[in-house]
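The feature domain 'O-methyltransferase dimerisation' is assigned by TrEMBL to 3-77. The annotation domain 'O-methyltransferase C-terminal' is assigned in TrEMBL to 99-308. For 237, the entry in TrEMBL reads active site, proton acceptor.
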């Protein structure tokens, strides 16, 4: 049943933001009036949010009054430091449109941008970044994820010995910011496509943050500069095994002796029986990319084939896990 769409719609209409700003419970009529919706539609939406425990309701003599739960205040309001609003909007307006064609994706074994948006599916990121607005939504959404998961994966191993770090496909830079916060003696260079770097500079990374630098390029086709540690966060799951081996071989060649590579991915159990979230992410890779989610052993095999050794795996207990390989 479309539980997520209830949450997406409440986010998009601004229900959680309004209730936070109001500072007091409001009636469905008041919420509808503020947000310019029908009263009947809003009442049903609010009651569904109560059922999902995203809102709480209190019955008074004046009628039902609604307020946010702690979960909504923390994760669904735009002003919260841990806000997931942007990733919710990306899922609602982009990802779920691809999922509509899941049966076609299973039949064909490829992403569904052509059916969902009428654009070529041959280059997934050209499709994802098909407009500046869409690229900005994607980058903001990824930043949302790292606001709650970034520190866990970066602290899974002690990375303090690595001073010169490259974040390949670092996007909006939220993970890079977490990294320099956790390891203040390090510098992180975000390596990404020129148009992504430009948006990151303008929208996400303040100019006074001197520990974060930028490098423009396509790491599949352009050179990769020398560094002590390379972070690949949610990168390999976008690509098939051949592309992953190609990229990891380039990273190994560029890596300083004694350096390493940190993979940040959602790991499947070795028998692929779970976790459910990771199984569903793998389905999403089918409808959106060329890749899939993998087990720790599968990532270790890819790292080993590229020349990395001393491979360690840490499960964080959160959405994303960490795999570290050394040169």
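In case you wondered, yes, glycine gets a Cβ from its N, Cα and C as well.
Taking DSSP states H, G and I as helix and E and B as strand, the domain 'O-methyltransferase dimerisation' (3-77) has 46 helix, 13 strand, 16 coil.
The Cβ of residue 237 (active site, proton acceptor) lies under 8 Å from the Cβ of 265, 266, 281, 282, 285, 289, 291, 292, 293, 294, each of which sits 6+ residues away along the same chain.
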